[in-house]
Number of protein chains: 2
Amino acid sequence: MPADKPRQIRLGLFMQGAGHHVSGWRHPQAEFGGENLGLIQRIANTAEQGLFDMLFLADGLASAADMHPSFVVRIEPIALLSALAMSTKHLGLAATASTTYGEPYHVARAFASVDHLSGGRAAWNAVTTSYARSAANFTRGEHPSHDERYAIAEEFLDTVKGLWDSFADDAFPKDKESGVYVRGDRIHTLDHKGKYFSVKGPLNSSRPPQGHPIIIQAGSSLPGQKLAARTADAVFTAQQSLEESKAFCDSLSRLMAEEGRARHTLHVMPGFCPVVGATESEARAEFEKLQSGIDPVAALRLLSDRIGHELSGYNLDEPLPDLPESQALQSRAKLLTQMARRDNMTLRQLSNLVAGARGHRIVWGTPAQIADTMQEWFEAGAADGFNIMPPFFPTQFERFVESVVPELQKRGLFRTAYEGTTLRENLGLERPKNRFFEG
Amino acid sequence: MPADKPRQIRLGLFMQGAGHHVSGWRHPQAEFGGENLGLIQRIANTAEQGLFDMLFLADGLASAADMHPSFVVRIEPIALLSALAMSTKHLGLAATASTTYGEPYHVARAFASVDHLSGGRAAWNAVTTSYARSAANFTRGEHPSHDERYAIAEEFLDTVKGLWDSFADDAFPKDKESGVYVRGDRIHTLDHKGKYFSVKGPLNSSRPPQGHPIIIQAGSSLPGQKLAARTADAVFTAQQSLEESKAFCDSLSRLMAEEGRARHTLHVMPGFCPVVGATESEARAEFEKLQSGIDPVAALRLLSDRIGHELSGYNLDEPLPDLPESQALQSRAKLLTQMARRDNMTLRQLSNLVAGARGHRIVWGTPAQIADTMQEWFEAGAADGFNIMPPFFPTQFERFVESVVPELQKRGLFRTAYEGTTLRENLGLERPKNRFFEG
């Protein structure tokens with residue numbers, strides 16, 4: 001980002017078929033369905049009208065009736081992004097893919113393909129897959145420990161980036177006269193042999209339009225932060241308080257400095273669930289309506305998944321019990337445990353909070369009030385942007401785009417037109433050089 | 001297919017970025033590029049105007065400068081099909097995915113997703129991956145032997161079909177009032193534990209619109225035929241003579257009878273490379289122009305891949321040397337060896353033939369002549385349809401659609417409108433029952 005340009009808020013839309021609030025789908029205005037392409041296309045268009053940087057898809061590799069309704073069924077993210085690339089023009093297209101249950105060659109290729117299909121709008125959210133349930137769907141067996149998952153992820157990411165550099169930009173003369181379609185001396189064979197992966201290469205994809213698709217990292221534990229500081233362009237994180245989010249950003253800054261990276265080349269985007277009302281009391285009523293639809297069993301199930309321990313045997317009206325450290329989502333478990341202790345929350349209160357946005361921050365208020373809190377975090381260095389998590393679709397998200405976005409624009413905090421044609425350009429990030437070829 | 005309906009020719013378009021002929025891309029009218037979405041969309045639209053049953057994508061998991069130009073780079077098939085689903089309405093969308101370098105959960109989900117996105121037009125060409133080069137891109141190491149690849153494929157296919165049946169069609173009441181989004185008693189957990197795979201399930205996809213996406217099988221060895229007879233809806237095969245193709249169909253018929261399946265529930269579609277001219281001499285000149293562009297080194301490389309042995313040390317003007325049996329494409333190697341012996345071909349002649357369509361049949365002639373040979377094979381029971389492999393795109397394919405398709409229609413051999421809305425309906429095949437749920 002050139003120094004003469006004011007820093008601007010980044011916005012992602014965290015798309016989820018049945019909304020983010022566990023009972024959002026029950027709202028009278030809610031439309032839903034993880035496989036409802038028409039609805040998802042409309043929402044993507046709304047995000048693009050709102051000049052959002054990107055649409056973001058989470059993912060999972062398991063299903064069960066007791067999961068969040070948005071998780072039970074969902075279109076495979078690469079397929080869905082490829083479809084959405086056809087009905088959008090500027091919107092970045094981000095999807096989650098696992099480094100624990102994938103292969104570097106497949107992942108490198110999939111995101112290179114979305115980047116080609118979309119003209120440079122692909123982003124990969126590299127996750128280590130926190131839920132052990134997924135392991136049962138893959139023959140590999142045991143779900144690896146938290147630290148081992150991050151060791152695998154480090155090697156996985158380096159391998160993928162190496163594969164993206166397989167071809168020089170001028171590798172394809174395609175000269176009908178001489179018959180030279182591709183130049184062998186402009187192709188690089190990676191020959192990666194590491195602890196977890198052996199991948200020869202080259203990738204069967206020319207270099208993506210963005211050079212490398214945008215890398216997103218979404219784990220907030222120390223190994224997650226280190227991975228982000230070294231390899232990521234954006235970080236999604238769950239943060240409940242400005243102070244903690246600021247401390248998180250500062251920690252990332254220090255780790256980035258150790259890697260020789262400038263802080264402005266990474267965008268930290270906490271999850272943010274806005275419940276927008278025309279008045280404060282309307283917003284509050286909307287929030288309470290959502291909370292009243294919560295099934296306590298479903299909420300406790302969500303909390304159990306986030307904490308990494310089965311909580312169904314405990315009394316809902318007592319405090320969160322003492323639990324050993326989990327191998328699942330470490331940072332989320334810590335965040336929730338700290339919050340419960342600090343605010344003397346009962347298990348019911350904590351699970352109701354998680355039912356709202358799975359540990360992400362929920363803010364209800366008028367457009368100006370919501371813009372206020374976003375501005376406060378942004379200006380305090382607690383966030384570079386936000387991953388917006390509407391409680392349900394489409395009306396709550398439409399309201400955000402129609403009312404909060406103009407408020408941010410009026411304050412000079414958000415773009416009034418897309419700056420470039422690729423996601424990387426819109427994020428103000430440079431196209432990485434090919435490590436094997438000049439130019 | 002009801003008995004009162006006359007049997008009709010099935011047509012697939014075998015799409016390949018730089019055409020099928022190894023030097024097709026050098027033709028003055030050729031446009032090309034495995035990553036040229038605009039071109040691929042136009043060609044798909046032409047196929048749909050021509051009422052083709054489906055567009056078919058091959059795939060590979062390796063790249064090198066000495067490969068067929070269509071193989072060096074290509075968009076990942078699930079991404080490409082999902083994009084094409086947005087710009088087509090009736091065309092079936094078939095892609096290749098490996099049972100040797102994939103996971104049943106990923107593959108089941110990917111094709112279910114394309115089926116959802118396309119409203120029931122997905123087809124999976126299940127291949128065992130014949131090229132050992134791919135192994136080097138996946139950590140697993142050694143490329144399994146031919147027979148073991150088929151043993152893996154058998155278990156893989158059964159697992160995928162089981163996963164597609166995870167949800168009853170009525171599993172999702174989505175009742176806002178009662179709060180019941182999904183019914184646990186209408187979800188089936190597969191709990192597959194086999195020799196090669198352990199997959200618990202359920203799949204995180206509702207049952208695909210077609211019940212099961214169409215299954216294509218493309219190996220013609222005996223294990224390939226057995227797999228097809230038990231599990232496939234269509235077979236792609238390389239056949240050079242009517243007699244051999246008829247024998248192949250008869251062999252499949254016998255194997256299907258052993259499985260208790262009626263022959264008309266499987267469509268055998270040999271590859272077919274038509275070089276269409278307004279006159280016979282124009283077609284011949286077009287074919288010779290293509291042949292004259294062949295680079296002998298590239299042609300020998302293609303032949304080596306198909307035969308499964310490195311042939312670069314041999315004299316081009318002598319007969320094909322005696323070679324031990326390969327673990328690669330067994331049926332293709334046999335086909336080519338037999339042909340070379342029977343017709344006393346030199347290595348150069350054989351590699352030039354393979355450069356044309358990789359062992360598939362090439363026919364040059366007027367639209368009527370090309371329709372004649374298709375009709376002859378179809379009526380003799382040597383084919384139920386053809387997988388059309390244009391030597392280059394787009395003009396040679398446009399000519400086929402504009403001239404050969406109407407000729408087939410005039411003879412009552414090909415549809416004049418799509419019969420249904422799903423690929424399965426257009427192919428005259430029934431939606432399979434869910435094995436775990438009624439209705």
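Each residue, glycine too, has its Cβ placed from N, Cα and C.
Curation does not apply to TrEMBL; its annotations are automatic.
Residues or ranges marked as FMN binding site by TrEMBL: A:Asp59, A:Thr96, A:His146, A:Tyr150, A:Ser220, A:Ser221.
As annotated by TrEMBL, domain 'Luciferase-like' applies to A:22-382. Summed and averaged per residue, pLDDT over the domain 'Luciferase-like' (A:22-382) gives 92.
Applying an 8 A CB threshold to same-chain residues 6+ apart, the list for A:Ser220 (FMN binding site) reads A:Val235, A:Thr237, A:Ala238, A:Phe248, A:Ser331, A:Arg332, A:Leu335.
Shown in sequence order, A:Thr128, A:Gly219, A:Ser221, A:Pro223, A:Gly224, A:Lys226, A:Leu227 are the residues of the chain, 6+ apart in sequence, with a C-beta less than 8 angstroms from the C-beta of A:Tyr150 (FMN binding site).
Taking every pair among A:Asp59, A:Thr96, A:His146, A:Tyr150, A:Ser220, A:Ser221, the residues recorded as binding FMN, the greatest CA to CA distance is 19 Å.
For A:Thr96 (FMN binding site), the same-chain residues lying six or more positions away in sequence with a CB closer than 8 A to its CB are A:Leu57, A:Ala58, A:Asp59, A:Pro77, A:Asn125, A:Val127, A:Ala218.
A simple way to gauge crowding: the CB of A:His146 (FMN binding site) has 21 other CB atoms within 10 angstroms, across all the protein chains here.
Cβ-based neighbour count (10 Å, all protein chains) for A:Ser221 (FMN binding site) stands at 18. Under the three-state DSSP scheme, A:Tyr150 (FMN binding site) falls in the helix class.
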